[in-house]
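Presented below is the structure to which this report refers.
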Amino acid sequence: MSSTLSSHHAIALKASNLHLQLGGKTLLDNVDLEIMSGQITALLGPNGAGKSSLLKVLNGEIKPNSGSIEIFSRPKDHWPSELLAKHMGILPQHSTLSFSFLAHEVAELGAMPLAISNHQAQQLAAKNMVKVGVDHLANRLYPTLSGGEKQRVHFARVLTQLSHSGKQCILMLDEPTSALDLAHQHHTLEIAQALSQQGAAVIIVIHDLNLAAQYADRLIILNQGKIQADGTPWQVLTPTAVENVYGWPVQVIAHPEHNYPVILA
């Protein structure tokens, strides 16, 4: 199933016929996809649907068995890695470090592709730690942080990495709210939303359908490695579609203030 194309957004990323098979299991089954600048695209689906596999193929962590990827109309393989790092940032679900860095040093790692001075890197990382709300953790040892704190420090790192991306910016988030409390879930997604409003293409793997409906411009439901639905939250989150994919009956109502769909299970 091919993606829908909006006429007033440029294509940031285009994937054609992506096929991925690991251990004899098909994880992606000839997926075609166009990701637009200036939008948040949420990848949804049950466990094992192919969401994280798709994100890892798109960001180059996993090489597909077949298919092609273009980033800003240029084949992904033609991008020098250091140049691509300025324009595409990835926040994985789990980030591990084997050294006892201070939290601000982790955030400063994002400046490595930017060719700026150490002082500029420190200032940039400090600014993004404030934005994410982890500036009070700057001098804490990274291994002593909670899972949610680590995730937010890495978000500051990714924002630092993309600081010089200009108009060509892709942000990929793999379950960015999984370790966060309610307030930090919304704060993280508000930052992603602000970036998209500035022109970035944002791709989020997320399980919470209500958060996806609230913040994403476009929802893509995957199941068994295929795109099952693709459109606006109201187009995608119908009771029938949700029950068919997740195997659970739901009701869908409109949020009383903001009119996005709310799922009641």
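Heads up, the Cβ atoms here are built off N, Cα and C, so glycines get one too.
The average per-residue pLDDT of the prediction over the domain 'ABC transporter' (13-249) is 96, rounded to a whole number. As annotated by Swiss-Prot, domain 'ABC transporter' applies to 13-249, with the evidence given as sequence analysis.
Residues or ranges marked as ATP binding site by Swiss-Prot: Gly45, Pro46, Asn47, Gly48, Ala49, Gly50, Lys51, Ser52. Long-range Cβ neighbours of Pro46 (ATP binding site) (same chain, at least 6 residues apart, Cβ-Cβ under 8 Å): Asn223, Val245, Tyr246, Gly247.
Around the Cβ of Ser52 (ATP binding site), the same chain contributes Gln93, Asp174, Glu175, Val205, each under 8 angstroms and 6 or more positions distant in sequence. Sequence-distant contacts of Ala49 (ATP binding site), defined as residues of its own chain at least six apart whose C-beta falls under 8 angstroms from its C-beta, comprise Ile221, Leu222, Asn223, Gln224, Gly225, Val245. The sparsest Cβ neighbourhood within 10 Å, among the listed binding-site residues (Gly48, Lys51), is found at Gly48.
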